[in-house]
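*Asks:* Sharing a structure below in structure tokens format, with a few things to ask.
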Amino acid sequence: MRCPYCQSEDTQVKDSRPAEDGAAIRRRRVCPDCGGRFTTFERVQLRDLVVVKKSGRKVPFDRDKLLRSVEIAVRKRNVDPERIDRAVTGIVRQLESSGETEVASGEVGRLVMEALKSLDDVAYVRFASVYRNFREAKDFHELLGELKGDEDKSEEDAG
């Protein structure tokens, strides 16, 4: 693996351990040339996914972009980074196990909203405001009404 600091091709693995509930391997690496230390993750990729944008344009699926989107939604919220990573891994698994090589961007957004709903309500609302293209305060009000309705329903089911 190439060193991200000096571009040397000769790096050494110092530590390997399972990550993401066994879905990945986390490796700590060191570069003997510059002494730089960095972490890599090795994951199984079942198939190359392609995201079909609203415009019809097709782009390769990017797990890191998905992770960044979720991290932006949960920014400054008290959400354990491991829970975020598990949610992203779950979304990727759902997409890969669908059997399709192309997925609509709207489907990715729907899965993110589903995951955020169980992670953090504020992050859910933040993401929804962009995903659903909110224009007015009433859009937020309607979404909060949906959330409230879901909570009431959950309490009824539990009680």
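Any Cβ shown, glycine's included, is placed from N, Cα and C.
Since we're looking at a predicted model, the values are computed, not measured.
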*Asks:* Out of 3-34, 35-66, which range is noted as zinc finger by Swiss-Prot?
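*Replies:* Zinc finger, as annotated by Swiss-Prot, spans 3-34.
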*Asks:* I'd like the per-state residue tally for the zinc finger (3-34) from DSSP, helix first, then strand, then coil.
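*Replies:* Counts, helix then strand then coil: 3 helix, 15 strand, 14 coil.
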*Asks:* To what whole number does the mean pLDDT across the zinc finger (3-34) round?
*Replies:* 91
